[in-house]
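Here's what TrEMBL has on this protein:
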type	residues	note
DOMAIN	9-230	domain 'YjeF N-terminal'
BINDING	57-61, 138-144, D169, A273, G346, H399, D466	(6S)-NADPHX binding site
BINDING	N58, D134, S172	K(+) binding site
DOMAIN	238-530	domain 'YjeF C-terminal'
BINDING	K436, G437, W438, R439, T440, G465	AMP binding site
Amino acid sequence: MKVLTAAEMQACDRVTVERYGVPSLKLMRSASFAVAAIARQLFSDAHRVLVLCGRGNNGGDGMMTARLLAEAGLQVNTILLGAPDGLKGDAAAAWEELQAFAHAQRQQSSIHLVTSAEEFLPLNALLQADLIIDALVGTGFQPPLRGLPLAALQWVEQGAREAKILAIDLPSGWSADISADTAEGSPAFPADAVVTFTAPKPAHVFGLLTRGLSDPVIIAPIGSPNEAIISNLGLHWSGSSKAIADVERPANSNKGMYGHVLVIGGSSGKSGAPAMSSLAAMRSGAGLVTAAVTPSVLPLVAAIAPELMTHALAVNPDGEISAGNLHPERLEALLKRITVLAIGPGLGTEPQTAEFVLGLLEQSRLSAVVDADGLNILAANPNRIAAIAKGRTLVLTPHPGEMARLAGKKTAEIEADRINIARDFATKYGLTLVLKGWRTLIAHPDGQIAVNTTGNPAMAKGGSGDLLTGMVAAMLAQHPHDVARAVETAVYLHGLAADITVREPGIGGDQHTLLATDSLANLYRAFHYHPQAENGYVWLQGISPDLGS
Ligand SMILES: NC(=O)C1=CN([C@@H]2O[C@H](COP(=O)(O)OP(=O)(O)OC[C@H]3O[C@@H](n4cnc5c(N)ncnc54)[C@H](O)[C@@H]3O)[C@@H](O)[C@H]2O)[C@@H](O)CC1
Ligand SMILES: [K+]
């Protein structure tokens with residue numbers, strides 16, 4: 001699913017109307033239908049609804065939603081900012097319809113006009129609503145929020161304590177094109193859920209638009225054909241790729257069809273990291289997994305699961321992984337029948353170890369995932385990265401600190417320009433770069449970027465990255481010809497498993513208590529989950545109630 005700028009979204013709507021003959025009023029109707037349906041699904045206890053309508057088409061969506069909810073029997077009070085005289089186009093039509101409906105019904109719902117900030121005060125009782133629908137401004141908003149929409153925000157903030165807030169398209173005050181996690185410089189409506197249409201805009205994938213991290217942000221298709229959804233951003237959402245994990249395995253499957261992952265790491269005192277990577281690779285569907293570690297930690301790593309095979313790496317007199325592992329016979333034994341390398345968990349960066357890792361990556365053309373100390377070794381030898389990346393699938397999974405070392409920049413510089421830095425690095429070397437953090441980016445060698453929307457702060461702990469390394473390797477092992485979707489799926493499922501775990505009662509059911517490996521217990525539920533719910537709405541953020549058990 002592509003991410004579109006506000007201008008591209010407007011172009012999409014225009015093309016849908018002009019080239020595909022869908023009347024714009026019909027688009028608005030579909031949009032409102034989705035908002036009303038989602039309002040009733042998410043806030044099923046709400047009876048009193050307040051709809052705040054601006055004067056553009058976002059307001060028009062609100063007016064139509066108000067009518068739909070009133071028709072469904074809810075008590076709906078609608079406020080229009082300004083006089084109806086100047087309303088144009090579809091918003092004017094929506095207003096006419098709402099007026100006519102209210103007139104005919106004469107029921108408990110009401111419509112109010114507010115033309116100055118003082119006029120909100122007599123309407124204070126309306127703030128006792130269970131649900132407020134924010135339809136003030138959408139993609140037509142130019143920051144910062146001002147005038148009556150700003151006054152409406154202040155009124156709501158000081159008076160509506162209990163109400164849940166559902167934003168149409170964007171919480172008013174958020175600029176659609178922003179690629180930061182906050183609506184910097186512009187006050188914005190709080191939101192407990194957001195419904196947007198057709199495609200996410202940058203704010204939907206990069207911003208934390210809602211009060212809670214797991215509050216829903218939902219994309220509703222409203223009738224634009226795929227051909228009309230065009231973007232030059234080169235940015236898409238990782239969740240769509242998860243479809244590759246939904247394909248049933250053929251009945252006559254054998255383990256050779258799903259690849260053999262070799263995890264390389266595990267120096268003295270670091271047995272946990274390769275063990276976790278191996279376990280995650282096994283739990284993500286790899287046919288076979290072998291952990292190659294130093295003899296000192298081998299028994300501990302092997303103990304993680306009886307299904308895991310192990311291989312003792314040669315060590316130097318100090319017990320460090322030695323360059324002797326590059327000896328042709330040793331190398332041949334190490335790589336026999338292996339299809340994917342996962343290098344780095346608990347590896348160490350001693351000179352001999354570095355020599356082995358660089359030599360291994362240069363001499364073999366196997367697909368490889370490199371993390372942790374493997375990245376630090378590459379960062380210390382930047383002149384060798386190009387040759388290593390050439391002619392193979394190479395996936396690097398740095399956090400911002402590791403990325404800073406790889407790119408020769410400061411961590412703050414990475415954080416300030418994640419998209420460009422990730423894209424430049426991936427295209428320069430022809431590799432896949434997973435830049436971890438809030439909204440992990442997956443930059444592909446062709447310059448396309450996927451943004452991931454699963455994951456939560458409970459994952460900011462040791463072990464998280466080790467699991468991801470194993471998961472990426474396992475997905476590559478199973479989908480060697482679909483590298484982009486394999487990596488995006490691993491990232492998506494990794495975050496989702498933690499999201500599922502942290503919200504449920506149990507030992508990992510809290511941001512503090514979650515351990516990386518707790519998530520593995522829910523990985524099967526992440527695999528079963530479809531971000532596109534049965535009704536066609538896509539859950540970009542939050543977990544739809546369709547979650548399988
Ligand atoms: N065919 C279409 O174009 C469709 C549009 N849709 C809706 O239409 C919206 C876009 O509609 P518009 O292009 O009319 O724009 P909006 O309705 O998003 O915004 C325009 C209004 O916002 C006000 N405004 C802009 N900046 C402001 C600021 N800084 N402070 C206060 N007020 C400000 C303008 O004065 C104007 O009244 C989408 O967000 C979506 O909700 C949907 O109905 C789907 C179909
Ligand atoms: K809005």
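Every residue, even glycine, has its Cβ placed from backbone N, Cα and C.
Ranking the binding-site residues G437, G465 by how many Cβ atoms sit within 10 Å of each one's Cβ puts G465 at the top.
Residues from the binding-site residues list (N58, G60, D134, S172) with a C-beta closer than 6 Å to any atom of ligand 2: N58, D134, S172. Looking at H399, K436, the binding-site residues in this record, the fewest other C-beta atoms within 10 angstroms of the C-beta turn up around H399.
By the rule that a residue counts when its Cβ sits under 6 Å from some atom of ligand 1, the binding-site residues D134, K436, G437 yield nothing. Counting every protein chain shown, the Cβ of W438 (AMP binding site) has 16 other Cβ atoms within 10 Å. Put simply, G60 is the one of the binding-site residues G60, Q142, H399, T440 whose Cα lies nearest to the Cα of D134 (K(+) binding site). In this view, T139 ((6S)-NADPHX binding site) is surrounded by 24 other Cβ atoms within 10 Å of its Cβ, with every protein chain counted. The binding-site residues near D169 ((6S)-NADPHX binding site), taking a 10 angstroms Cα-Cα threshold over the set N58, K436, W438, T440, are N58. Report note: the K(+) site is defined by N58, D134, S172, and the residues of the same chain whose CB lies within 8 Å of the CB centroid of those residues, excluding them, are L52, G54, G59, G62, A135, L136, V137, G138, F141, P149, A167, I168, D169, L170, P171, F189. Long-range C-beta contacts of N58 (K(+) binding site), restricted to its own chain and to partners at least six residues apart, with a cutoff below 8 Å, comprise A135, L136, V137, G138, T139, G140, I168, D169, S172. When the binding-site residues D134, D169 are scored by other C-beta atoms within 10 Å, D134 scores highest. Of all Cβ atoms in the shown protein chains, 10 besides its own fall within 10 Å of the Cβ of Q142 ((6S)-NADPHX binding site). G60 ((6S)-NADPHX binding site) and K436 (AMP binding site) have their C-alpha atoms 39 Å apart, to the nearest angstrom. Of the candidate binding-site residues, N57, Q142, H399, the one lying closest to T440 (AMP binding site) when CA atoms are compared is H399.
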